[in-house]
Every structure is written in structure tokens, then in C-alpha cells.
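Annotation source Swiss-Prot lists domain 'TRAM' at 12-70, citing sequence analysis. Taken from Swiss-Prot, the feature S-adenosyl-L-methionine binding site applies to Q294, Y323, E344, D392. Annotated active site, nucleophile per Swiss-Prot: C419, in sequence order, evidence recorded as sequence analysis.
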Amino acid sequence: MVSPRKGKRIRMLKKNDIIQVAISDLSHEGAGVAKHDGFVFFVDNALPEEVIDMRVLKVNKNSGFGKVEAYHYLSPARNADVNLTYLRTGIADLGHLTYEDQLTFKKKQVQDSLYKIAGISDVTVESTIGMTEPLAYRNKAQVPVRRVNGQLETGFFRKHSHDLIPISDYYIQDKEIDRLINFTRDLLRRFDIKPYDETEQTGLLRNIVVRRGHYSGEMMVVLVTTRPKVFRVDQVIEKIVEAFPAVVSIIQNINDENTNAIFGKDFKTLYGKDTITDSMLGNNYAISAQSFYQVNTVMAEKLYQTAIAFSDLSKDDIVIDAYSGIGTIGLSFAKTVKAVYGVEVIEAAVRDAQQNAALNGITNAYFVADTAEHAMATWAKDGIKPSVILVDPPRKGLTESFIQASVAMGPQKITYVSCNPATMARDIKRYQELGYKLAKVQPVDLFPQTHHVECVVLLIKE
């Protein structure tokens, strides 16, 4: 191989080679980026400005992956206090970066996506709204259970593997959730409950899922098992409730499939209620084991407040809430508008949204189980003319058919809540081609210590 640079011959790199590199940037997933002889390498736990010895792990045609063998220079933006376990599992893959710099990184992710994908550079991306206390914020935990060194353990999988790393302090989870997981782990050891073996397809307990209401403090425990019968389940329940009076719901889920999915289809309430209750922006919500409910309540409120402010609503406005889930965004809007029409493909979520509307005495919010495209076409025939269409899609973003259907409704504004800057930028580009202009962009940090960023954008009809 001959380099275009003055014909210099370059030795082809291979696995386990060790080279010295300088880190120039962070990838969108928070990995350090190093360039060496025409190759781009991605390195975990490496920050811009750092100089490292890197072991080559994998080499592709023009890129590769490496790991740090030694540091020659450390970035002043490095958080030296983070436990490397959190980086190895991906629990906190940006935990080695100071929080102020995490917020800057997330703003840059949004800016870069808008410029590279949508060609937009003339709209101000505001500074990321951060969290005052950016640790111990998650109100939900999904923890795998496996046998490690001969005993039942809870923790997280090493990145890109199914090797469990035992963990007691999960860093970004509510500390009371951590306590409950650790107590349940120790209790199940005493009762000799067999952990799931993924390779042999044996054992009983696959996962422990815990939810906690941020404001209510109510807690739910879900034991995911491979079969219905659980040995000494009454004694397990008694001990958990005795130690944690805030536990108001204990549920068993049966998952006997060879799958990476957390839950199977069958749920059975073993103790207490089917749901816990919590509040957001003054509304109460019944939250089931399966409900999609933002894991960071404090920052979700700021996210929704931003969406409401961008939409600039009045009592004469009609809002369509696409991807309405259990109604958290739509019901937050309902107080300030004439009506909210929500659509969601998951029927159980629609039932939850309807129940949550009733729970809060909200009578101007209507939820249907349907595709958004079909529901909007039906509403248009019924003469419903929205001022604002609110979208909060999954990471894959919007489909072309959805974009076309939403534009056909003719809203003056589209408020887009995104969890993926790349697909958001792609969708904004398409909306601009169809007559909408990007007006406002606000990143919000729902997931401190990780590379993930949420964003609210406002599109206005030209």
C-alpha cells in the first residue's frame, strides 16, 4: 500500500498492534476518534486532546476500533472519578467527561447533524438544558440476572457481549432502586433461586425490573421468570414488602423464549396493584410494567415545557399528538388548548392514555389506537384542523408517509421531539422541502452521563 503523501510506504496495521495516536474528536456515540495513516479509529474512554498508546482491536477497509493501553496526556475535560465499570457496560458511556463538557458535546451533535444531513447552519442551536444533579436520576431499572463465580448476580452486560459484570451501585439509577435490587438479589440467593443460563436455556430468573415514582415514591418490582411457578414466592413477597413498604406492586412476567426481549407476553400481579402512580407537570399517571414513561422525570418535565413553549398555544388551538403513548405529552398540552387528538398503534398504551385523562379529569383529550397516517386522514374528513402537530417518534424517526399525511393536515406549526439528531435532521430536511421552515432548536439532557440527547425543534409553515 502506497500513501498519496510523497509515496511513503505504510505498514498495514493488524489486530493487537500498539500505536501512539492523538484523539481529535468524539463520535456521536461518545468514542474517541483518532486518525492514523488514512485510518479512522474509534476508542472507548478517550477524549479530544488526549495522546494515548492504542491497541488495535479490529481493522476494516478505512476504519477500525482500538482500546487504550496507556495515556501520555490527559484532557482537562476528563472526569477522573468515574468507575470504569460504567464505561465498560455502557451505563454511563460519557461518565469520563465533565458534565459541562457533556452538555457542549450534545449541542454539537445536534449542530453537526443539522449541517451534515439537512444543510442547515443559519438556525441557532441553543445550549443544552442540563440537570442540576446529573446522577441517580433514572426512575426505572431493567437488570439481568445470571450466575457469576457460582452465585446469583445482578448487574449489566459488558458492551457488545452477554458477559454480566456484577454491580451494586448503578450510578445513574435512583438510589432507592439500587437498594431494592440489591436486597432482592441477596434474598433470592438465600432462597436458592436459580438464575437464567442463556447458553443452556436453563434456570428460573431472567431479569429484575424496578420502577419508582419520582414524586410519589411508589415502587414496583417485576420478576421475569422462565416458567410460571416460583419457589417460595409468598416468602419472597413478604420479605420485600417488609423491608420496602413503598413497594405497592409485585408482578411476575413469564418469558420462556430464546430472545433478548426483556418481557414475555404474560403478566401476573402477585402483590398489590397492577400499576404505580406518579405525576408530571401536575398530572397523575398510572404506570404499568410495560408503560413507556420517561426515565428521567425532572428533565422530561423540562422537555415537555419546552415543547409547550415552542408551540405557543391558546385556548382556540387544536393539537394532534402523534406517538401519544400513555398520554404524558398530550395531557400536558390539554390544559392550554381547545382539544388534543392523540394516536398510538399500541392498544394497551391507548387504554392507559384514556385512563390517565379520566384520572386527571381531562375531558378535551381524545386517544385512538391506529396508525397516525390513517387517523389523520379520518380526522381531516371530520373537519378537524390542527394548529399544531406534535411528534415524538422512536429513534428511526418519521416515515415518508407520515410526513406527507402531517403536511396534508396543514398545521401552522410542527413541534418535533427527537431522541436521535440524525433522523431528526433527515426529517427536518424533508419538511423544509414541503414548505416548513426550521425556527427553533433546543437540546435537552434527559440522559446525563450517556451520549444520548433529546431535542425539541419548531417548524413553521411558510
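Heads up, the Cβ atoms here are built off N, Cα and C, so glycines get one too.
Features as recorded by Swiss-Prot, highlighted on the structure.
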residue: Q294; record: S-adenosyl-L-methionine binding site; Cβ contacts under 8 Å, 6 or more apart: M280, A300, L303, T328, L446
residue: Y323; record: S-adenosyl-L-methionine binding site; Cβ contacts under 8 Å, 6 or more apart: V343, E344, A372, V391, D392, P393, P394
residue: C419; record: active site, nucleophile; Cβ contacts under 8 Å, 6 or more apart: P394, R395, H452, V453, E454
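Each of F292, D321, S324, G325, T328, I329, P393, V417 belongs to the same chain as Q294, Y323, E344, D392, is absent from that list, and has a C-beta within 8 angstroms of the C-beta centroid marking the S-adenosyl-L-methionine site. Binding-site extent for S-adenosyl-L-methionine: residues Q294, Y323, E344, D392, maximum pairwise Cα distance 16 Å (rounded to the nearest whole number). D392 (S-adenosyl-L-methionine binding site) has a Cβ environment of 23 other Cβ atoms inside 10 Å. Around E344 (S-adenosyl-L-methionine binding site), a 10 Å sphere centred on its CB holds 27 further CB atoms from the protein chains shown.
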